Amino acid sequence: MENGEIPENANEHCPGPSSEAAGKSDACQGCPNQEACATAPKGPDPDLVAIAERMATVKHKILILSGKGGVGKSTFSAQLSFALAAKDFQVGLLDIDICGPSIPKMLGLEGQDIHQSNLGWSPVYVESNLGVMSIGFMLPDPDEAVIWRGPRKNGLIKQFLKDVYWGELDFLVVDAPPGTSDEHISIVQFLQATGIDGAIIVTTPQQVSLIDVRKEISFCKKVGVPVLGVVENMSGLCQSLPDFRFLRMTETGEHTDVTEKVIVYMREKAPEMLDLIAASEVFDSSGGGAAKMCSETGVPFLGKVPLDPQLCKAAEEGKSCFADQKCGVSAPALKIIIEKLMTNYWPNEMSVE
């Protein structure tokens, strides 16, 4: 337990051997280290000093959170990082989703390794101004499950913050796991002294997701992290009409593909229809969606991003959705949200840009 490190065999929700509650809290009951922690000298964690030194060269730190998994949080983190880097900012993307690290895939960095120098761990770079760090780079087998208790996860997050050499950064984007677990408490605790700009919360429109987003907002208020805003992702399926497949259902329930016939018919009889965008509500938003929830909770609503198959494809291929015109419905929506963030929170950076 040197330097206040949490031992690997500690109980879940261990307060840490340097905490005043060490050996005394309910979480300590039955822990093999309880007596040692209770009698150990207490004091500030020296690693926090090392983290503060590392973060001194980072201007802005943004947490990307979600109440539920599968709402597109990592996709948003990746595309936000791509967009900021395209504006010539120096950007770092830190993936602290220890059990489900998808950032290497979404940045096109699968199979890359972390390298060490005399300055510390080096991020893996997409471009010269976009670096990435993830446990995904450390797994010998990408299919291997990470089965760690909270203390070990927290130890790796701390190591990422104190040992990774980012250099001068304009923005550090932190992609957190869903929920409000040990990783969230740790990242806030480790970064709070250095200043966190705030959190962006990603959700889908239906109530089953928004219920958990309210808990995420409550978490942010309790730990003193400003909520920069909420993004409603997958807000209706949108794509150009010719990109749809058209099917006819037979009496036996089987599907026959009639796409080619429909496209030919439209081209001959109603060519103007080929320029239309078709939209369909996938998730029930009859409760008002994220916009209504933001109004009720007093946090900013940043906007909606449609469910765009082309954006999904860009994420699968590890590409920016802004690189070409393929993400014709999602890229403009994301761009509006990012410009709103820049205007509301970092106007000085826009003037530099």
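The backbone N, Cα and C atoms fix where each Cβ goes, and this holds for glycine too.
The region 'Disordered' annotation in TrEMBL covers 1-26. Annotation comment: TrEMBL describes Cys14, Cys28, Cys31, Cys37 as [4Fe-4S] cluster binding site. Feature annotation from TrEMBL assigns ATP binding site to Gly67, Lys68, Gly69, Gly70, Val71, Gly72, Lys73, Ser74.
Here the features listed in TrEMBL are placed on the structure.
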residue	record	contacts (Cβ under 8 Å, 6+ apart)
Cys14	[4Fe-4S] cluster binding site	Ile6, Ala27, Cys28, Cys31, Gly150, Pro151
Lys68	ATP binding site	Pro178, Gly179, Thr203, Thr204, Val208, Ser209, Asp212, Val213
Gly69	ATP binding site	Gly100, Pro177, Pro178, Gly179
Gly70	ATP binding site	Pro178
Val71	ATP binding site	Pro178, Val202, Thr203, Thr204, Ser209, Asn233, Met234
Gly72	ATP binding site	Val202, Thr204, Asn233, Met234, Val305
Lys73	ATP binding site	Ile64, Leu65, Ser66, Asp175, Ala176, Pro178, Val202
Ser74	ATP binding site	Ile64, Asp95, Asp97, Ser102, Ile103, Met106, Asp175
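Same-chain neighbours of the [4Fe-4S] cluster site beyond Cys14, Cys28, Cys31, Cys37, judged by a C-beta within 8 angstroms of the site's C-beta center, are, in sequence order, Ala10, Asn11, Pro15, Pro17, Ala22, Gly23, Ser25, Ala27, Asn33, Gln34.
The ATP site is defined by Gly67, Lys68, Gly69, Gly70, Val71, Gly72, Lys73, Ser74, and by the 8 Å test on Cβ atoms against their centroid, the other residues of the chain that qualify are Ser66, Pro178, Val202, Thr203, Thr204, Ser209, Asn233.
Long-range Cβ contacts of Gly67 (ATP binding site) within its own chain (separation 6+, distance under 8 Å): Pro178, Gly179, Ile201, Thr203, Ser209, Leu210, Ile211, Asp212, Val213, Arg214, Lys215, Glu216. Taking DSSP states H, G and I as helix and E and B as strand, the region 'Disordered' (1-26) has 4 helix, 0 strand, 22 coil.
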